[in-house]
Amino acid sequence: MPEGDEEYFGKNGEPRKYDPTFKGPIQNRGCTDIVCCILFIIAILGYFAVGILAWSQGDPRKVIYPTDSRGQFCGQAGTPLEKKPLLFYFNIMKCASPMVLLEFQCPTTQMCVEKCPEKFMTLIKAYSNKNDFDYYKKFCKDGGVPDILKYGLCPAMLTPSKPFTRRCFPALGQKGGVITVGNNSHFDDGSGKMRDAKDLMDGVKNATVVIEARQVCLLSLESSFLAMKHDLLFIVLLRFLAGIMVWVMIVLVILVIGYGIFHCYMEYAALKGEPGSDVTLQDLGFQTDFTVYLQIRQTWLAFMIILAIVELIIILLLIFLRKRILIAVALIKEASRAIGHVMSSLFYPLFTFLLLAMVIAYWAVTAVFLSTSNEPIYKVFNETACDHSRQTCDPANYTTSSMKKECPDSECLFAFYGGETVYHKYLIGLQFYNVFLFFWCANFVTALGQMTLAGAFASYYWAFVKPDDMPAFPVFSALGRSLRYHTGTLAFGSLILSIIQIIRVLLEYLDHKLKGAQNKCTKFLLCCLKCCFWCLEKFVKFLNRNAYIMVAIYGKNFCTSARDAFFLLMRNMIRVAVLDKVTDFLLFLGKLLIVGLVGIFAFFFFSGRVKAFENTAPHLHYYWVPILTVVIGSYLIAHGFFSVYAMCVDTLFLCFLEDLERNDGSAERPYLMPESLRKVLNKKNKTQPAE
């Protein structure tokens, strides 16, 4: 066989041959996938250029401040509207939904006010009372002038409102199951007609939750530290209790299925002699009330047979896969030891989180500036028939324009932001580029974390004397190698994944747009495409993960490493399946245990049901909000810790498979796997190699 790569790999991914110079992750390696590295750098530079262009053209005030009908920003410092931070709608019922309001496209007059209306009032009644009209004029254009009724300078009515997202929404409530506004179920719409308060629901969504944010944040932080302690404790326990937990789980599954069989038999026997219980499922046919099937003996007989078959399959799997389950348990225990020697790996997810936060922040800021770099567009709004309705107009001279003469009761109002320049024409393309680079950068950061951890844990496995033969700082050493030599490989793998993800986003967009379509063939085709690309994304993530492990060990390019990892795993398919399911179960159990403990503690703390916490717990009207916050936070922390553990197990598993194919236990080719794995496989190192 010729020298070079073929010495270790055949054309179809045959096992490696022994290499006496191999002692763990290759140190003297070269740069890989250089073309993709250059492409990634150019894309990043283009991303910065898009950001600079967006920041120079965009105006975030359009997001920070609500905009009135004249395109002015409410509450902006240094302007006449500085003390009027809230946006008031003349007729909220003309707004179809809150999304219309947030997109500045509600077809009614909008003006900036200092405070939202606090009481019911109609223009007709207020006009006859000086004090009421003085209050009412605060919500009129130009402070109210003669002919206000004719020119629509004031709203027809005022309803008690509350500010939400700097906009005045009716103060909706509920009393006895009836929608109310200002404690009243009816209101005068200004034309003398009484309407139900629920009519306002079409224009506003009541979504206000009041919590004491500062206390909740502090207590959530304390609970996060509690979750971290539980994570560390669970990882330590896995080192000693992994085997017990797996076998207990298997026994419980068998007992539960056995109880199900017994219960089905008891129900089957109890229905003997009951009228109508001997009817067959075929004679009964399809019934919308599924409880009818439970009154038939044949249903319970079918359940009993299905459960018995499942029980038999599980027992047979245990008999034939017992050795592989023991290998999985031994690898999980060894992963706990590896993390004990590489404790800095537990904190690496914080670095990944920081990088992801920077990527998300850059994407979000760029998206905001891009979306706010349009020019204000004004359109004609009219309640009656008008040929110029929804046409663009100029508010500066609209009162003297021909459109105003043809439609006397029309108005030229601010509608949205747009533009007709070259920049505005390609704005959609820039937004797409922003989204695509967001996926690429986020996947790159994730891939960097996977390769770094893989390099650190591989150095542990291949060390003959642990931890003496390991690098002083394995995580930093692996991070340096990944960035110095394999930036192109990381970019290549993340690019493939990003393309698939952006296609999935486009399919979701098409699905959203075609929701109203009645073409069943189109719906079926779209559903199939979404399913296929979901499966493809899962497969590519799995392949990338194992390819990065091989790159971290041998320093080959992405395609070669992906091929080697794929064939290595295919030669050990059953071991892969068993290890994957056993690891998934243990990590799921760990997450469930930690989130459950923290959630129970948060419930008793925030609800004040424990006397010991009565003086320290804050008094909250909605204690479920901080509880939910703590639970989600603890889950994210647990997921971060256990992602390190899962990466450790996967790395050690690939190293274990490589060890089996490279070595034979002789003095010249000793196994580097731990003694626990050698015992499971009945393999021994004959003699220790000479120092």
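Counting begins at 1 with the first residue displayed.
Cβ atoms are placed via backbone N, Cα and C, with glycine included.
What TrEMBL records for 32-55 (among others) is transmembrane segment. Under 8 Å from some Cβ of the transmembrane segment (32-55) lie the Cβ atoms of residues 362, 365-366, 369-370, 373, 423, 430, 433-434, 437, 440-441, 444, 485-489, 491-492, 495, 551, 555-558, all in the same chain and six or more residues away from its ends.
The transmembrane segment annotation in TrEMBL covers 232-262 (among others).
If you look up TrEMBL, you'll see 300-321 (among others) marked as transmembrane segment. Through the fold, the transmembrane segment (300-321) approaches residues 250, 253-254, 257-258, 260-261, 264-265, 267-268, 271, 281, 294, 574, 578 of its own chain, all at least 6 residues removed from its boundaries and within a Cβ separation under 8 Å.
Through the fold, the transmembrane segment (342-365) approaches residues 51, 232, 235, 434-435, 437-438, 441-442, 445-446, 448-449, 452-453, 456-457, 460, 470, 473-476, 640-641, 643-644, 648 of its own chain, all at least 6 residues removed from its boundaries and within a Cβ separation under 8 Å. What TrEMBL lists as transmembrane segment is 342-365 (among others).
According to TrEMBL, the feature transmembrane segment maps to 437-464 (among others).
Sequence-distant contacts of the transmembrane segment (485-507) (same chain, at least 6 residues past either end, Cβ-Cβ under 8 Å): 29-40, 435-436, 439-440, 443-444, 446-448, 451, 526, 529-530, 533-534, 536-537, 540-541, 544, 547-548, 551, 555, 557-558, 561. The transmembrane segment feature in TrEMBL is assigned to 485-507 (among others).
Residues or ranges marked as transmembrane segment in TrEMBL: 585-608 (among others).
For 620-642 (among others), the entry in TrEMBL reads transmembrane segment.
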